[in-house]
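What follows is a set of notes on a single structure, which appears directly below.
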Amino acid sequence: THPHITFDGIMATKPGFLTDWPWTPLGSFKYIVVAPWAVHSTYKFVTDDPEKMDLGYFLVLPFLLLRILHNQVWISLSRYYTTKGNRRIVDKGIDFNQVDRETNWDDQILFNGLLFYIGISLLPQAKQLPLWRTDGVLMAALLHAGPVEFLYYWLHKALHHHFLYSRYHSHHHSSIVTEPITSVIHPFAEHIAYFMLFAIPLLTTLLTKTASIASFAGYVIFIDFMNNMGHCNFEFVPKRLFDLFPPLKFLCYTPSYHSLHHTQFRTNYALFMPLYDYIYGTMDENSDTLYEKSIERAEDRVDVVHLTHLTTPESIYHLRIGLASFASYPFSYRWFMRLLWPFTSLSMLFTLFYARLFVSERSSFKKLNLQSWIIPRYNLQYLLKWRKDAINNMIEKAILEADEKGVNVLSLGLMNQGEELNMNGEVYIHKYPKLKVRVVDGSRLAAAVVINSLPKATTNVVMTGNLTKVAYTIAYALCQRGVQVSTLRLDEHEKLRSYVPREFVNQLVHLSSEALSSNKIWLVGEGITREEQEKAEKGTLFIPFSQFPFKQLRGDCIYHTTPALITPKSLVNIHSCENWLPRKAMSATRVAGILHALEGWEMHECGTSFRLSDLDQVWEACLSHGFQPLSVPLPNH
């Protein structure tokens with residue numbers, strides 16, 4: 001979208017004095033720095049006489065939590081809009097490095113909270129502030145528009161001098177594509193300088209005895225709002241505001257205005273008021289043009305859609321539009337999830353009544369625009385028979401919407417392709433024979449991934465768990481290659497015999513427990529029992545063929561991941577993990593849709609009647625486009 005993108009640094013090449021935050025060594029325990037103050041303020045609020053009660057002191061902690069929530073809302077909003085494409089400013093994606101660099105965005109909230117607590121304790125004027133004083137609010141606004149904006153402009157220009165830039169400000173400019181929280185990613189020393197600037201209105205109102213809780217809280221929330229807006233990477237300010245009041249362009253910047261500062265580097269230095277860039281001749285000449293382009297931008301054209309769903313109630317936080325840092329690691333239950341149960345409950349209620357799918361991710365690869373769409377339903381709901389029709393209707397609507405939007409391929413992820421639910425997607429292509437969008441269940445690639453995860457010298461495997469389309473395909477292919485496929489359950493053995501051609505039936509064996517010692521490679525699906533895992537020999541390699549991982553019970557065995565592949569470097573804007581998969585890994589069903597579009601295959605690749613064949617073709621296509629198998633993990637100790 002930008003005419004040019006320049007960049008003068010990645011990180012602080014010569015970290016300066018006070019680069020690191022004082023509590024960096026504490027890691028996740030950094031919150032204890034405000035704990036004594038929070039406890040003391042709460043205790044005083046509860047025990048003091050009403051006449052001596054200091055409401056402002058007590059409200060510091062709720063205010064810090066409100067700021068965290070405010071920032072999170074901006075993160076989710078920004079990621080939602082930039083995913084769909086509406087009003088997006090910069091198309092370039094972000095990566096895991098940026099997410100990691102911006103993880104500690106709450107450091108500045110802790111810092112401000114600590115200074116508020118100390119200020120209230122030491123300054124008599126800061127105690128027992130009234131809720132509202134109009135003169136103090138007006139004074140804070142005027143002081144911000146004058147001294148703060150003016151001094152910030154020159155401080156910002158100074159930070160772009162090579163000496164300070166290389167030691168401090170380059171850390172912030174590591175993010176060419178900004179997210180709301182990019183606004184507060186600075187070294188500690190910079191935050192000290194910024195707080196001194198923003199303290200001018202606050203201290204002045206205190207000294208003139210015009211301060212109030214509203215002036216303090218309102219001013220800080222204003223700064224947060226404007227910072228988040230300026231870095232959100234989608235145009236937020238409506239054009240009609242500038243039409244109604246043209247001078248607003250000198251008084252309020254826009255996200256596209258500040259985005260140019262991150263891509264052009266030496267223009268648009270202003271804090272929130274472009275007036276100072278106009279006065280000193282540093283306004284970027286493309287500011288108005290970029291605003292017009294961004295505000296009018298429509299949704300992206302999409303080539304490939306991966307249709308998936310929520311797994312557990314807590315998985316809502318693991319979406320890309322959820323908790324950014326949490327989503328950048330494989331899903332696992334964390335301690336903070338217990339604290340978020342009110343939000344989890346609300347999200348569950350919301351999904352009950354909100355039946356529309358939503359876009360959660362976007363990426364691009366070889367001129368293909370890729371998106372992931374989420375059906376707001378959980379695993380448990382897919383297992384309820386009385387929910388079957390409703391869920392099928394949602395999947396059907398998603399396929400028809402994709403077809404209407406001109407999507408080339410739609411892959412069915414997780415339980416959206418259940419055999420009992422919709423015959424692995426066959427229901428839809430029979431109901432709508434004129435579908436232009438090609439529906440893919442990914443079974444062929446999933447089978448190929450499992451087979452190519454086997455050690456080369458493999459001569460026999462054990463297969464157990466609930467047999468699926470993928471399992472039958474794997475068994476067939478292995479028998480063709482002369483690999484013996486053993487089963488623990490007699491019913492599984494009979495099912496495989498009915499699927500595999502007669503000439504290969506002798507490769508199928510039903511094993512007793514005593515005969516397991518020579519079988520150290522197990523292909524497993526959902527439904528594998530604890531007892532079956534216990535029967536495996538020490539050092540056994542478990543390779544799932546199922547969509548979902550199973551519980552790992554053996555510390556002396558090796559557990560591979562569900563069918564997945566490592567993405568090529570040229571597949572951009574990957575900065576969140578797909579469910580339990582490691583970073584930069586993508587499920588086989590998702591990759592299958594991308595391959596289908598890249599190869600230009602015209603058939604639907606789904607359904608129980610679709611005979612999976614030529615696994616080598618799909619595997620060779622996979623490797624030719626740069627996807628690689630995940631390495632087998634080392635044994636647990």
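Glycine is treated like the rest: Cβ placed from N, Cα and C.
Unlike curated records, TrEMBL annotations are generated automatically.
What TrEMBL says about this one:
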type     : residues : note
DOMAIN   : 146-282  : domain 'Fatty acid hydroxylase'
DOMAIN   : 461-629  : domain 'Very-long-chain aldehyde decarbonylase CER1-like C-terminal'
TRANSMEM : 55-77    : transmembrane segment
TRANSMEM : 137-155  : transmembrane segment
TRANSMEM : 192-222  : transmembrane segment
TRANSMEM : 339-359  : transmembrane segment
If one takes Cβ-Cβ under 8 Å and requires six or more residues beyond its ends, the residues near the transmembrane segment (137-155) are 193-194, 197-198, 200-202, 204-205, 208, 210, 212, 214-215, 218-219, 222, 251, 269-273, 275-277, 280
Near the transmembrane segment (192-222) in space but 6 or more residues beyond its ends, with Cβ under 8 Å, are 18, 55-56, 59, 63, 66-67, 70, 111-112, 115-116, 123, 125-126, 129-133, 135-137, 139-141, 143-144, 147-148, 151-152, 155, 186
DSSP composition of the domain 'Fatty acid hydroxylase' (146-282), residue counts helix/strand/coil, works out to 95 helix, 1 strand, 41 coil
Averaging pLDDT over all residues of the domain 'Fatty acid hydroxylase' (146-282) gives 97
